[in-house]
Amino acid sequence: MSRTLSMLQLYLALIAGGCGLLGLAASLPTIGAAPLMLIFFAVSALSLLRLVLPWSFWLDGVLAVLGAWALIASLPAEGLMPLHHWLALIASWAFAWLFVERLAAAIRAGKLPETGTGLVIPLIFGLALIVIWEVVTRGASVSPVLLPAPSAIATRFAASTGILWADFVQTFIKSVIPGYVIGCVAGLLVAIAVDRSPFLKAGIMPIGNFMSALPIIGIAPIMVMWFGFDWQSKAAVVVAMTFFPMLVNTVAGLNAASTIERDLMSTYAASYRQTLMKLRLPAAGPFIFNALKINSTLALIGAIVAEFFGTPVVGMGFRISTGVGRLAIDLVWAEIAVAAIAGSAFYGVIALIERGVTFWHPSVRGGRT
Amino acid sequence: MNRILPVLTILLAIIAIWYAASVWMNAPWQTRLNERADLANVPFTEFVAQTWAQDKPVLPSPHQVAGEIWNATIALEPTSKRSLAYHGWITLSATLLGFAFGTSLGVLLAVAIIHNDASDRSLMPWIIASQTVPIVAVAPMLVVGLNAVGLTGLVPKALISMYLSFFPVVVGMVKGLRSPEGIQLDLLRTYDATPWQAFWKLRWPAAMPFLFASMKVGIAISLIGAIVAELSNTAGGGLGVRLLTGSVNGQTVQIWAALFIAAGLAAVLVAVVGRAEHMVNRRMGVRA
């Protein structure tokens, strides 16, 4: 079986097994202190047998999970983690990598189906990151002001859902959504209007391209002065940030339909309106959705940053800036988690709609987007 | 010529609208000022001139902003704390450092991704997910956190810029390094080329157009990252600080001037990357 391992896999296996062996030796003096850890070290050391015996990669996966479990179970309530436990972190990380490496090789060789297992790999990577974060912050007793452990963030999240929900409503529902809708619709309509006049198009396109590269977020203080502290000013910032990417992408997209397709429409005696609705807008779909996706992130950023320049006493940006001031960093991270979930969900919804609407496009038909 | 004319027309239209808007938006306050000063029946032309010359206007007129930019850059010593050249330099250096970090990280990740299936599968979804996290919105907080560890000055701001600018580079470079076709890779295999040679002689040159396209996006967003990161630390200086202090003191002219300097900086940076692209293309024998 050892012949089926690549060089990288072999090194990883040696690191994992070696750390297991070293850890086993180091935990012998304090035997019985952390039984789970001892078991993990013993099995890791046994995994060196893979050099002579067959060793399924699922066993590597199980070992990685066992290592993570042992690490978290034996984390000290306070103070530093025993030195040799760091070996377990390294071993466990090496097992996870090895597992992913061999799983990917198996998928590529066609031994495993793509669907399902393809999702496992990124999931393992994410979980590994969280475990390492947890172990490092608690094991090395990193100050919670600097970086709280994920478990502390999760507890805070669960304890203050009321505040988080109020902030979410203020920032996301009241500022982001209206601003996003107004900005995108305005960008789309202006693009369609501009598209009719080559002169306007030649004039607006360079300026639009230029504007979408600018730090438009800087207008946030001006908008707060003009529209007041409440959500209107945040929505205005979002409108300004989302308008130009939409304009530029839609104008580019309206040119995506080829001449031969337009000629076909004109042989049908299709009016401008019919050509637009039945050919050019659908053909612009991928471009418009590209802008919608870019804007989904920009909108959230715009609303949160605008809140730094003045808000009523609610909102994600407000909570973040005051949380930093009061050193309530776990609340800040809980707020970041909300922003991350909201941002990813927003993006995901748009990507799903895109798959439904532009089902004909090669990038969607090809499977992975 | 037929490209400049439409752009100029639109620009002139924007400036005209701006002047009109600044009359309209500043008028209520000017009327009140005139009432307080017992000035009745101010002629319309004089009233317009007054709205364009307010001290803290709601919307400063273009020539006020231009005058402020002139005063704060050319007319002042570049070392003065009020000079926009000084603050612009602080922001620029953070942007460039972050951009350099971000581009290197992006290229390294892209190389890892194309050479290793497991890292492709495990990293790519998270790289995409990382950009749906509005990290720039928490940038000021991260800067405070990093200051607490002892990282001060440019580096924390540059890290934020790096986080933003690595993404377009990874995505572009993965596409670019994979752009050579199978037949070209096969040819190199028939030459018995090592993977190293295949990388430097085929994949890397083929990825150049993608790299420059990504770098243009990357440098623009690194500037945004640097400006937002400055919002937390008013002592450090930078264009973001000018925006913040202008907002606190109601100095609208100062905000607009800082905004225009930032815009100019973005334009220059993108143009520099474009120029570098042109030069590399020439060296590689691409006909423009």
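Backbone N, Cα and C define each Cβ position, glycine as well.
Taken from TrEMBL as is:
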TRANSMEM  A:35-53  transmembrane segment
TRANSMEM  A:58-77  transmembrane segment
TRANSMEM  A:83-100  transmembrane segment
TRANSMEM  A:112-133  transmembrane segment
TRANSMEM  A:177-195  transmembrane segment
DOMAIN    A:184-357  domain 'ABC transmembrane type-1'
TRANSMEM  A:207-229  transmembrane segment
TRANSMEM  A:235-257  transmembrane segment
TRANSMEM  A:298-320  transmembrane segment
TRANSMEM  A:332-353  transmembrane segment
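Cβ atoms under 8 Å from those of the transmembrane segment (A:235-257) belong to residues 174-176, 178-180, 182-184, 186-188, 190-192, 194-195, 201, 204-205, 208-209, 211-212, 216-217, 219-220, 223, 226-227, 279-281, 283-288, 290-292, 294-295, 298-299, 301-303, 305-306 of the same chain, restricted to positions at least 6 beyond its ends. If you look at the transmembrane segment (A:112-133), the same-chain residues 6 or more away from its ends with a CB under 8 A from one of its CBs are 61, 64, 68, 71-72, 89, 92-93, 96, 99-100, 103-104, 106, 147, 149-150. Counting same-chain residues at least six beyond the ends of the transmembrane segment (A:35-53), those with a Cβ under 8 angstroms from any Cβ of the stretch are 1-2, 5, 13-14, 16-21, 23-24, 27, 59-60, 63, 66-67, 69-71, 73-74, 85, 87-88, 91-92, 95.
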